[in-house]
Amino acid sequence: MQTITQKLVENTITKRATQTHKGSFGKILIVGGNDQFGGAAILNSSAAVYAGCGLVTTATHPSNFTSLHARLPETMVIDFTDDQAIKTMLNKVNGVVIGSGLGEDSSSLKILKFVFQNVQSDQYLVIDGSAIDLIASHNLDLPDAHIIFTPHEMEWQRLSGIPIKEQTETNNRAAQQKLNAIVVLKKHHTEIYTNQETYQLLIGGPEMATGGMGDTLAGMVGAFVTQFTDNEINAIMSAVYIHSFIADQLGKTQYVTLPHQLIKKIPQTMLKFSQKAE
Ligand SMILES: NC(=O)C1=CN([C@@H]2O[C@H](COP(=O)(O)OP(=O)(O)OC[C@H]3O[C@@H](n4cnc5c(N)ncnc54)[C@H](O)[C@@H]3O)[C@@H](O)[C@H]2O)[C@@H](O)CC1
Ligand SMILES: Nc1ncnc2c1ncn2[C@@H]1O[C@H](COP(=O)(O)OP(=O)(O)O)[C@@H](O)[C@H]1O
Ligand SMILES: [Mg+2]
């Protein structure tokens with residue numbers, strides 16, 4: 001298992017070229033946040049915007065539109081049950097983040113299936129939260145796309161069938177190979193399984209154990225893979241690293257770190273890392 005180093009992150013978050021515009025830094029569609037879990041869509045979307053994604057559109061339950069816009073005027077919104085609007089967006093974006101706070105009822109399942117039918121093979125598809133559980137409980141086939149799963153250990157147990165106590169590198173790798181997707185297994189010292197290698201995060205801590213911390217990471221992963229396109233694995237590792245790096249910084253003066261506080265620190269942290277590149 002390889003360690004995710006600060007140097008790798010410094011070399012991934014490069015200084016922005018000047019001859020660029022919002023279309024140069026990724027366009028993503030976030031699909032999540034039902035009428036119970038609107039906060040998940042807010043955190044997903046805020047994390048993606050603050051992590052530098054050029055254009056973010058959020059497909060969510062309409063009851064979240066006002067609160068989302070009040071927190072984040074930079075995102076655009078569509079009703080997550082509006083198939084035509086989702087299809088139009090899927091023709092414009094480089095990446096999709098689906099599942100945070102999506103819920104698991106029949107409407108959530110219908111939305112997930114629709115996105116799976118219409119996502120394109122060259123797009124990144126970050127699958128989080130409820131979407132992972134829906135895939136597991138309904139045994140859904142995965143679409144042809146660049147898939148990145150972001151389960152915590154309990155979601156990974158449901159998806160892979162491996163009980164948490166038996167989630168060893170060998171067992172996890174076998175399950176990852178079957179899925180043929182990148183797996184970010186979130187826990188204390190998160191592990192990332194790619195087709196070639198396993199990487200481990202050695203920073204982050206219990207100050208991060210707050211609801212919404214994973215929703216935040218999913219938005220960051222979506223923003224980084226669509227923005228730092230030279231190497232998707234380095235982009236994912238950098239999102240995972242920066243997320244915990246900021247939490248550890250906040251954790252020096254706070255007992256717990258709240259996702260919205262972490263999100264606010266993303267731009268200045270990215271700047272610092274971009275200034276250190278070799
Ligand atoms: N503000 C919001 O709207 C929030 C919405 N959320 C959404 O709520 C839905 C349900 O997700 P949950 O994760 O709460 O529920 P789950 O039922 O999937 O899992 C939570 C439980 O799993 C267990 N567990 C074991 N190992 C764990 C690990 N390493 N990390 C985390 N939990 C572990 C814990 O007992 C925990 O209570 C998801 O769609 C999620 O995105 C949550 O993110 C919480 C915040
Ligand atoms: N004790 C801990 N040590 C390190 N990281 C932690 C710890 N507790 C939580 N985290 C991190 O916080 C995030 C929690 O994700 P998740 O459980 O999906 O949150 P949510 O679904 O509530 O948004 C993961 O990135 C996980 O690695
Ligand atoms: Mg989660």
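Numbers here mean position along the shown chain, with the first residue as 1.
Positions of Cβ are set from backbone N, Cα and C atoms, glycine also.
The (6S)-NADPHX binding site annotation in TrEMBL covers Ala40, Gly101, His152, Asp215. Of all Cβ atoms in the shown protein chains, 26 besides its own fall within 10 Å of the Cβ of Gly101 ((6S)-NADPHX binding site). The DSSP secondary structure for Gly101 ((6S)-NADPHX binding site) is coil.
When secondary structure is read from DSSP and collapsed to three states, Gly214 (AMP binding site) falls in the helix class. What TrEMBL records for Lys186, Lys187, His188, His189, Thr190, Gly214 is AMP binding site.
On the 0 to 100 pLDDT scale, the domain 'YjeF C-terminal' (5-273) averages 98 in the predicted structure. Annotation source TrEMBL lists domain 'YjeF C-terminal' at 5-273.
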Which residues does His188 (AMP binding site) neighbour through Cβ under 8 Å, counting only same-chain ones at least six apart? Gly204, Gly205, Pro206
Between Lys186 (AMP binding site) and His152 ((6S)-NADPHX binding site): CA-CA distance (Å): 5
My understanding is the cutoff is Cβ-Cβ under 8 Å with a sequence separation of 6 or more in the same chain; which residues meet that for Asp215 ((6S)-NADPHX binding site)? Gly32, Gly39, Ala40, Leu43, Asn44, Ala47, Ser100, Gly101, Asp128, Gly129, Pro259
Rounded to a whole angstrom, what is the largest C-alpha distance between any two of the residues Ala40, Gly101, His152, Asp215 that the record assigns to (6S)-NADPHX? 15
Under 8 Å by Cβ from Lys186 (AMP binding site), counting only residues of that chain that are 6 or more apart: Thr150, Pro151, His152, Glu153, Gly214, Leu217
